[in-house]
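Enquirer: Swiss-Prot feature annotations, pasted as is:
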- 7-27: transmembrane segment (TRANSMEM)
- 38-58: transmembrane segment (TRANSMEM)
- 75-95: transmembrane segment (TRANSMEM)
- 97-117: transmembrane segment (TRANSMEM)
- 136-156: transmembrane segment (TRANSMEM)
- 163-183: transmembrane segment (TRANSMEM)
- 240-260: transmembrane segment (TRANSMEM)
- 276-296: transmembrane segment (TRANSMEM)
- 309-329: transmembrane segment (TRANSMEM)
- 340-360: transmembrane segment (TRANSMEM)
- 377-397: transmembrane segment (TRANSMEM)
- 400-420: transmembrane segment (TRANSMEM)
- 438-457: region 'Disordered' (REGION)
Amino acid sequence: MKKQSNIWLYFFGALGGALYGYDTGVISGAILFMKKELGLNAFTEGLVVSSLLVGAILGSGAAGKLTDRFGRKKAIMAAALLFCIGGLGVALAPNTGVMVLFRIILGLAVGTSTTIVPLYLSELAPKHKRGALSSLNQLMITVGILLSYIVNYIFADAEAWRWMLGLAAVPSLLLLIGILFMPESPRWLFTNGEESKAKKILEKLRGTKDIDQEIHDIKEAEKQDEGGLKELFDPWVRPALIAGLGLAFLQQFIGTNTIIYYAPKTFTNVGFGNSASILGTVGIGTVNVLMTLVAIKIIDKIGRKPLLLFGNAGMVISLIVLALVNLFFDNTPAASWTTVICLGVFIVVFAVSWGPVVWVMLPELFPLHVRGIGTGVSTLMLHVGTLIVSLTYPILMEAIGISYLFLIYAAIGIMAFLFVRFKVTETKGRSLEEIEQDLRDKNGQGGAAGKQQTVGT
């Protein structure tokens, strides 16, 4: 059986990541010009930025259960529709209240897509390519962020912040149309009794009719337990939950989204003008995309855990240097350029490690019967972390200064290194069913899923 090309399948599957990235990055430039027209003060500015995250928390909290009930495809379709409505709404918002409302709607889309897209890609991909294909989500996030920075720069002189925000509706319409032609996750179909349809999709995805072993492992995993929030806290599932929540929370508290959200302000603080600051973020966005491509190339060769540990070390060093430079050499040309270089190094190591790896691992860690809700709860924790960081950054900046803030993030990075070393298991080169069986065996659950040699998943 000739294998069909799945390039477009994975592209549209990951397009939700681009929308998340765009809406995350575009606000950093738009907020510089929005303040004057909408009359924002420090409080309402923080409200506009953080309202998306409030919606994301609500969206990711509901998405896991909804996708387990209605399917991955319908959930992505709902996210695309919300992205479109939210994008148009923020572009046309006449005042702060309406802006916050539609930012919350965008957040619902973000929460849904960040839960479902990694899960969907993970369930479609063969095991030997799962890391690379699941990393497409993070690649598209970085592409979305880069595009938002470019759009910000193009419209900066005209202060056309409404165009900056409104252009997000274009790719959301593309996703809404594209998802109509995408297959449902075969694993979800099996859990909902649509075996014949699931087999046909698997045959097309794998390019072979020899999928009996893969089907056997999916069936065995599916019939082990009923899935729900209660089952997520079963003793044998708990290590996966701890790892998922920890990775999601720590990814944000290393300070990554602080750099993304407030990169223009960071550049301004070290002496750059508004346009130069936005152009600087375009450079950071470009590095982010290029290094995520490197991650896609190496993640299935090197493994998830080594990349996380490497990333921790690199980010901690960058943050310490940033802190020392701004503490002892503030307001000098050397400090300004050293800051830019260190931000670049931080992005490089993040983009080949914690950026893609966390999104890849979240759906990998959880057993089939709680994969949707487990990924949803972990993603909820990720957005809670993002919200806390975005709200506390300006407060801490004013209270203790950027140098000590970077030192706090560095200390959290050291804790993250220890967490990965002792609490996170390697998932490279194993099928989802084999990962589940290993979790069962290590925690006295037993079961049949994945006991045989698994091929093709």
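Placed from the backbone N, Cα and C atoms, the Cβ positions cover glycine too.
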Enquirer: Find the member of 7-27, 240-260, 340-360 that has more C-beta pairs under 8 Å to the transmembrane segment (400-420) than any other listed stretch.
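Expert: Between the candidates 7-27, 240-260, 340-360, the best contact partner of the transmembrane segment (400-420) is 240-260.
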Enquirer: Mind checking which residues reach the transmembrane segment (97-117)? Cβ under 8 Å, same chain, six or more beyond either end.
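Expert: Contacts with the transmembrane segment (97-117): 13-14, 16-17, 19-20, 23-24, 34, 38, 47-48, 51-64, 66-67, 72, 75-76, 78-80, 82-83, 85-87, 89-90, 137, 168, 172, 359, 372, 375-376, 379-380, 382-383.
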Enquirer: Relative to the transmembrane segment (240-260), which of 38-58, 340-360, 377-397 accounts for the most Cβ pairs at distances under 8 Å?
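Expert: Checked against 38-58, 340-360, 377-397; highest Cβ contact count belongs to 377-397.
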Enquirer: Within the same chain, where does the transmembrane segment (276-296) have neighbours whose Cβ lies under 8 angstroms from its own Cβ atoms, ignoring anything closer than 6 residues to its ends? I mean 6 or more beyond.
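Expert: Sequence-distant neighbours of the transmembrane segment (276-296): 25, 28-29, 32, 132, 135-136, 138-139, 142-143, 145-146, 148-150, 152-153, 156, 259, 263-268, 307, 340, 343-344, 347-348, 350-353, 355-357.
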